[in-house]
Amino acid sequence: MKKFAVFASGNGSNFEAIVTRLKEENWDASAALLVCDKPQAKVIERAEAFHIPSFAFEPKSYENKAAFEQAIIEQLRLHEVELIALAGYMRLIGDTLLQAYGGKIINIHPSLLPAFPGIDAVGQAFRAGVKVAGITVHYVDEGMDTGPIIAQKAIEIDEHDTLETIEQRIHKLEHKWYPSVIKQLLGLNNRGEKA
């Protein structure tokens, strides 16, 4: 059985969408671990509801980034994680984690990269007046939203859209497509079985 981890910092709606899809489709895979850098985040409650172990840590309690990333690596190895999916994890991945899991860390970003990297991507797109927005799933490298693109999905924006409606539509895209990309990268077929 393939095992993956999800890293999140907040509410965890993408985490829930991934795990729900895994269970509904009975994947031959396991969400083996949630990693969270905010011990009070709602996503931890979601993990508990699904009986998924979590590693919640306070970055300031570690000497430096390398130290907390080493603690994360120990948890990933303990849970035999093969793939890491960032889902609203609001930290850049450092050298320590990249050296251990390079090419096995993916992220979902709410824009059609390379446009609008970083925070508030949907707001940036809305203020720019673009006619097309979307999501990007990409491999993580040392930069911010700069890794090789795996998949993109787009939506058209019209004059009736508001920032809120665009955000809602982007979230729906994320919840639909991120689990599909994870399943594909785990080498599972459409029924969630090993391909």
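Just so it is clear, glycine is given a Cβ too, placed from its N, Cα and C backbone atoms.
Sequence annotations record features per position, and here Swiss-Prot assigns N(1)-(5-phospho-beta-D-ribosyl)glycinamide binding site to G12, S13, N14 based on sequence analysis. Long-range Cβ contacts of S13 (N(1)-(5-phospho-beta-D-ribosyl)glycinamide binding site) within its own chain (separation 6+, distance under 8 Å): G88, H171, H175.
Remark: K65 ((6R)-10-formyltetrahydrofolate binding site) has P59, G94, T96 as non-local neighbours, by Cβ distance under 8 Å and separation of at least 6 in sequence. In the three-state DSSP reading, K65 ((6R)-10-formyltetrahydrofolate binding site) counts as helix. What Swiss-Prot records for K65, M90, R91, L92, I93, N107 is (6R)-10-formyltetrahydrofolate binding site, and it gives sequence analysis as the kind of evidence.
Positions annotated as active site, proton donor by Swiss-Prot: H109. For H109 (active site, proton donor), the Cβ neighbour count at a 10 Å cut-off comes to 22, with all displayed protein chains included.
A simple way to gauge crowding: the CB of D145 (site 'Raises pKa of active site His') has 20 other CB atoms within 10 angstroms, across all the protein chains here. Here Swiss-Prot flags D145 as site 'Raises pKa of active site His'.
Remark: R91 ((6R)-10-formyltetrahydrofolate binding site) has S9, D37, P59 as non-local neighbours, by Cβ distance under 8 Å and separation of at least 6 in sequence. Counted over every protein chain shown, other Cβ atoms within 10 Å are most numerous around I93 among the binding-site residues M90, L92, I93.
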